[in-house]
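Trainee: Can you keep this structure in mind? I'll have questions shortly.
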Amino acid sequence: ENREAMLNSRSNRLTEALEEANALFDGVCRAREAALDAQFLVLASNIGKEKANELHSEMSAFDSTAFAEDLLTFMGINRTEETDDLEDDGPGGFLPRDAWKRMGEEALKYFKRAPVFHYMLGSFKSEPPVPKQRIERQKKASRGKAEQAMPAQLKKMEESHQEATEKEVERILRILQTHFENDPNTPISFFDFVIDPNSFARTVENMFHVSFLIRDGLARIKLDEDELPIIEPTKPSGAGEEDSRAGARNQVIIRLDQREWK
């Protein structure tokens, strides 16, 4: 009923109604009373929103048209006066020659420093940079020399390592043949033959070199009565060569760690 009076910007009826509702809310004890209070809050919020909109409409808003008119007047244009010499004012049309200068001097008062002039897309008379000459032939030549040198070094290292392995295998074969010739009836224990009590690495190397003797059929390994491996050189006869070739097809992997070596 008092909606128009509450919407008046000079009236405090909405504030008084809210204070009265807060006082009555302390005595609410039924659901119906709480529903009436909620309904009142909805009505009060709607009225408050309308009142805020009316207050906003009374505030001064920015008018671009009025600002443009004031700016033109400041720059020396009077729209009430008709000028016939519009074409004689220069490239600026109906604007005076010093219009933008006058505006710049006025705007300069509100800036700490004038903005720096720059081109958005660079200078108009720009020349492309001079392309740098790439020296590709020298790089390819040096790279080719390096590629030619590396395989030669690796090949030399491989040959030296292979020669050392072959010499060690031949030395072990001579030792095996010497032991067998001195006492051909006593079997040679494989572990006694390859294990170095003072070096685990040397033991692994001995087993590695002995494997070449087994592969090439120059020696063979078999089990004795106690199921322990023994090693002996092969005989140079034809039957021995066939047996060695047949035995070379079998491969055996021996596992040995430092605990077992000790």
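Here the Cβ of each residue, glycine as well, is placed from N, Cα and C on the backbone.
Heads up, here are the entries from TrEMBL:
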- 37-87: domain 'Nse4/EID protein Nse3/MAGE-binding' (DOMAIN)
- 127-153: region 'Disordered' (REGION)
- 187-262: domain 'Non-structural maintenance of chromosome element 4 C-terminal' (DOMAIN)
- 231-251: region 'Disordered' (REGION)
Trainee: Could you count the residues of the domain 'Non-structural maintenance of chromosome element 4 C-terminal' (187-262) that DSSP puts in helix, in strand and in coil?
Mentor: 36 helix, 12 strand, 28 coil
Trainee: Quick one: mean pLDDT on the domain 'Non-structural maintenance of chromosome element 4 C-terminal' (187-262)?
Mentor: 80
